[in-house]
Amino acid sequence: MNGHSDEESVRNGSGESSQSGDDCGSASGSGSGSSSGSSSDGSSSQSGSSDSDSGSDSGSQSESESDTSRENKVQAKPPKVDGAEFWKSSPSILAVQRSAMLRKQPQQAQQQRPASSNSGSEEDSSSSEDSDDSSSGAKRKKHNDEDWQMSGSGSPSQSGSDSESEEERDKSSCDGTESDYEPKNKVRSRKPQNRSKSKNGKKILGQKKRQIDSSEDEDDEDYDNDKRSSRRQATVNVSYKEDEEMKTDSDDLLEVCGEDVPQPEDEEFETIERVMDCRVGRKGATGATTTIYAVEADGDPNAGFERNKEPGDIQYLIKWKGWSHIHNTWETEETLKQQNVRGMKKLDNYKKKDQETKRWLKNASPEDVEYYNCQQELTDDLHKQYQIVERIIAHSNQKSAAGLPDYYCKWQGLPYSECSWEDGALISKKFQTCIDEYFSRNQSKTTPFKDCKVLKQRPRFVALKKQPSYIGGHEGLELRDYQLNGLNWLAHSWCKGNSCILADEMGLGKTIQTISFLNYLFHEHQLYGPFLLVVPLSTLTSWQREIQTWASQMNAVVYLGDINSRNMIRTHEWMHPQTKRLKFNILLTTYEILLKDKAFLGGLNWAFIGVDEAHRLKNDDSLLYKTLIDFKSNHRLLITGTPLQNSLKELWSLLHFIMPEKFSSWEDFEEEHGKGREYGYASLHKELEPFLLRRVKKDVEKSLPAKVEQILRMEMSALQKQYYKWILTRNYKALSKGSKGSTSGFLNIMMELKKCCNHCYLIKPPDNNEFYNKQEALQHLIRSSGKLILLDKLLIRLRERGNRVLIFSQMVRMLDILAEYLKYRQFPFQRLDGSIKGELRKQALDHFNAEGSEDFCFLLSTRAGGLGINLASADTVVIFDSDWNPQNDLQAQARAHRIGQKKQVNIYRLVTKGSVEEDILERAKKKMVLDHLVIQRMDTTGKTVLHTGSAPSSSTPFNKEELSAILKFGAEELFKEPEGEEQEPQEMDIDEILKRAETHENEPGPLSVGDELLSQFKVANFSNMDEDDIELEPERNSKNWEEIIPEEQRRRLEEEERQKELEEIYMLPRMRNCAKQISFNGSEGRRSRSRRYSGSDSDSISERKRPKKRGRPRTIPRENIKGFSDAEIRRFIKSYKKFGGPLERLDAIARDAELVDKSETDLRRLGELVHNGCVKALKDSSSGTERAGGRLGKVKGPTFRISGVQVNAKLVIAHEDELIPLHKSIPSDPEERKQYTIPCHTKAAHFDIDWGKEDDSNLLIGIYEYGYGSWEMIKMDPDLSLTHKILPDDPDKKPQAKQLQTRADYLIKLLSRDLAKREAQRLCGAGGSKRRKTRAKKSKAMKSIKVKEEIKSDSSPLPSEKSDEDDDKLNDSKPESKDRSKKSVVSDAPVHITASGEPVPIAEESEELDQKTFSICKERMRPVKAALKQLDRPEKGLSEREQLEHTRQCLIKIGDHITECLKEYSNPEQIKQWRKNLWIFVSKFTEFDARKLHKLYKHAIKKRQESQQNSDQNSNVATTHVIRNPDMERLKENTNHDDSSRDSYSSDRHLSQYHDHHKDRHQGDSYKKSDSRKRPYSSFSNGKDHREWDHYRQDSRYYSDREKHRKLDDHRSREHRPSLEGGLKDRCHSDHRSHSDHRMHSDHRSSSEHTHHKSSRDYRYLSDWQLDHRAASSGPRSPLDQRSPYGSRSPFEHSAEHRSTPEHTWSSRKT
């Protein structure tokens, strides 16, 4: 396409970079050019007739009309208006103007292209389109940042392809001023309809433009699906925002330059991204006048509308795809249809959902409606934030008519990937402060620099007597005294060069002290950063807010979000492009992002690293710890409320992190402080003083009101008692094992009982239709729990008093029940648990804390974040169920009892009397008191027990004996009540309950810290407790479960179980089959399972009776995987499969699986568990698999369970094996790795970018470092230099993930071959004697690798096929390559010495064709196009042999055609050259290179000739019933030996003869290895047969290889092949007794061969059904089975063969 357009000159005035030619429009802020730039087919056909003289002249016109009146209008009226003034007067027009440019660009591109091509040929235009695509698409990828960067590709005019005449025509026809706009005639409802001429000055908003971000990719995808016409198909990249704008309205002021351009037939339209809201509004109050900025300027067209008095329309608030929320408009269904917008399905879905909601609201109770309305209000508030600019991150280089650049805006509550370009005039009117801050940041002199002198030498400390003016921000906030002291302590530590731990108790303002300290460094010592703050996601917004409040002069960037967001930050927020100095002072990020981008973030020298919630670093073996400790930093600060949790080792880990030189050895630290509690901690306290500061509230906040805790004990309801007894009875067997039982079993029972103590619904939820009305439902809800009966009374009393309540529970399902209860009672509440994320969480907290808030309750999960959640506006805390870990409950209380609290805080802990809950509380009290008292002397707070060993499991502080005793607690009393006569708890007045409650007030006293730690425990007198008292009493008087649970209840349970078993025995056959199948697929048999459970070696009868366990995969008991949840195990296994040698790559796996808190020991334990479990599962299932033979259908393969996670053993091991070559090839040392280059020659990758050997090497390094499939991570690593090469923004450009996967598979195969080749050379070098030994040992080795072979044969085709391929490649090509190398060394041609050391002629090595040659080859090979396409696409459902035959036939057809083509040449050099060229062309259709294909073809020809000769021979020999076969004859010569020598004809012996005959093909043949146990008769197969299979085996492997990209198990398992082949060969080699039969077959074959020109050995390629038929109809010695197309052997050989073969192998030959 040619020609500069007036569109471009217009853009120059509006802040767009001028571009033309191929890149027309692609750099616009909206990105429209690129999309349209790629459409050519449609436009060339549309405009073909009439654009020959006019198309290029009016190329810039977006929607050209053919009426001349419009042109006259343009020439008559070109007035100019000051853009800024005009906009101020008519802001509502903005939405119209924003699209003017967008809609011009696509048309311009379409009209210019036909002018340049003029071919009208669809093929030509599409090929020119391809080249356009590549350049314009490339520009489009960068349009996010190039519009504003001076160095961006948007600024230079890319006019290389433009013809001068076109340029001049453009210049002469248009003067390119901003006012060149003209009204169009078609009105869109989104635009105001009566302002046509006044808008001339305003082209501007093209840039407000679409968001240029990841949403464009979505546009493209949606668009791809649409493809409504040929033009659309070409225009894959169009984004909808432009699409709709193609339609021109009378309100769009565009100038038509020159003559008319024909109107396109197919227009492109806007797309609905989301329907945000719905209303009934005034008729006509829709379109552009309803945007937020138009409403602010002109007023709301819907204002004052009353539904009763005037008719209205149902209107929908539309978020347009590619536009920010500020441009949302109200539309009716009618106006949307008029505009022909896309995405109407979204509107239909919204309407359906809205109708459902309305129906529900009609029948819902008032409190449900209230709850719904509150939720809606929160959502609306959130949506409003999307219209507020948080910060501006870029501006365009050129200014618009209004004299303002466009701005790139980040919106509040949305990630960076949702940034969008907006019009300068609009943003300056609404968000001028953001613009000022942006320019202030850009011009700031206070950016980090490396030569700051205080980094090299710390200054002398000068104490701050009063708060400096720079701290406190604009609002003049004041630090409290202790916070100023804390700031001084932090400053003192920094000056002394001590990194430190700020361990103030929760609620004392650690965040503010940290920010003030950074502010101090910034102002006092001119240290401007960079400061890195690593914080949990939950507190990130509060950190951001506090930085803005307390240190607004510092530029803090939040480094968060998906890869697009982070790339955006790196592009715009990271550094100044000119000076390369960092822009930010503080970088805020989370642990997870830090680990994802550790290579990038770890490359900076940080002046300061601060870690919030630093107890996450307590494990010095975790990946997070190892990653962060390696970061380069000048000073470190850890911020934690709980520096000491479980052991002294954890405290040492924190100290080692901040001061690795001082606290270098744990052993020394333990020796010094770990022993002797009397004096050890005093010395420790002294040593810690310079590094650790901890204050508690009572020490510093005298004003903090009292905290009173009461333990309220209540009885269970009757239903709870029933359920409680039922749980114990049901688990009688597990309980009666006592200390022999499993911890996990006891814990599970205990969790069930704890659920029962909370509420019956947690055990058995009610049916939906169980209750008739709300009142009944509420009563049942309350009566189902003793705790809720009490809570109900308590809340009613608190509501009367005006208290506000926080209710904590560990169980989210319990929170659901409480929420339901609160709705029934119509108590307004908020809720926060782990599932409520980010912005919604913030909204809920703010809503509860707001002045005059109506909220009465706040439901919280006890563990909802560590979290700095401040709910000081509440004065009552109800702990519904106590946590195992008292510190969690303590944190819960601190949500309310913290700075800012004015009232006394009452804490009510609910405990069920006579249940496990009560006993847990008592035991925890006894067990933990002493240790907490010790901790208090150190003035540090810990969670549980202080001891020097490693931490006990935080989830279960009790051992089996204690758990057993806890479970018995209260059970006896409970069973004394007869079943069905359980008493309801007696009614009691709430005041009476509170009076009786165990109460504890936290008055300050000498033991206040201990009391604080044990605030949940009422301990009468600490001093009376000697250590002896703490010892837990043994279960002296405890009864057995037989005595506790009545016998009749036990009998009834057993009877129920028996009935269940009988039911299962008679269950439907279909269900039985299903169970069997599960058992076959994954689980071990009943026998091994019963052994495991019962401990006996034989089948236990009771186990055999239990069909219900039949299909359960084996489970590794939970004790083995302590510390990992099921979700974590799943993540671990997913990552485990991405790495070769996974047990050596645990750090990478932990990073990928986000398990960085786990220690290497735990990870190794889990890794070994996975690996050993897989191997064992495969071993156990091998017999079953063999029996199944080549079963059709998908075989899932053996599975086993780790905890609750099912693992497919076959798949895991397959992935492990597949990636071993990569693991072995890439150096583990990072420095060596940087130098790595792939040692093999690689075929060119046909990507849309330059891709060479270096990129292949970097891709492999990336896979090694980040795991197979982690393409995003690989893209982000700057060291790999693939950032701009892989995963381009344009989804139509390669390489995307699919291409990368294919390339990676290919490269790993090359590595595998290379390794195999080297190994073979090493073995060759070892000499012949060793080789003989190897062969002798082979049979032994086979046993050891049985499991591995099983894996390979069964698993995803990749690994096994790869090994086959490696060996084949070796076996096939090694002898020839030796010969070839000898020749090539002699020849004069230049050679290239490869990594394997073999010279390859340079001419041969390069297998690329230039474009011209490629085109010639393409034409010449057109007659065999079908064969080329089918070469790697056999029909589905073919057996492997049929596939193989299919390939051979294709190859013969192609080769014959090439031979025909070469006949026109007489010059031998030409023939040689063109033969090579044509075969290189053929190689593009398959994985094999040209040489290999040619070789295979030659071999096929040879076979064809032999087959013809043999068929002649066969017809002659048939009369004598003998087929001559040199190999057979040779074999017969040896039959004169005695039996022993006959028997010694093992596989190896025969093969050695064969090797002599056909060069040495023995080394590394894994294929033969795997056959060894499946094909006992293969050793006697005749030599030709061997050769035959080997020559073509690669092809079938290749097909399987291709299949792996579709479905791993689509074809039958690979075992099937050897067994078929073995079976066939057996038949071929049996002796011939039935001569007539034999003759019949050979006659048949000879006739068919002449007909089909097939090799005599094609007999091998029988279809599956024939083989099945023959196998079924004949025994091993039946006449039919003994026919052979080749020679025969004597009966002696036959019997010898049978003697050497175990009889059972016949079963494995079944197909």
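Cβ from N, Cα, C; glycine included.
Of the listed residues (S136, S189, S214), Swiss-Prot tags S214 with phosphoserine; the rest carry no such note in the record, though that does not show they lack it. Screening S69, S215, S229, S1544 against Swiss-Prot annotations picks out S215 (annotated as phosphoserine).
In the structure shown, across all protein chains, S1159 is the one of the modified residues S469, S1159 with the greatest number of other Cβ atoms within 10 Å. Within the model, the domain 'Helicase ATP-binding' (491-661) shows a mean pLDDT value of 87, rounded to a whole number.
Look at S469 (phosphoserine): DSSP puts it in coil. For the pair formed by S1159 (phosphoserine) and S469 (phosphoserine), distance between Cα atoms is given as 45 Å, rounded to the nearest Å.
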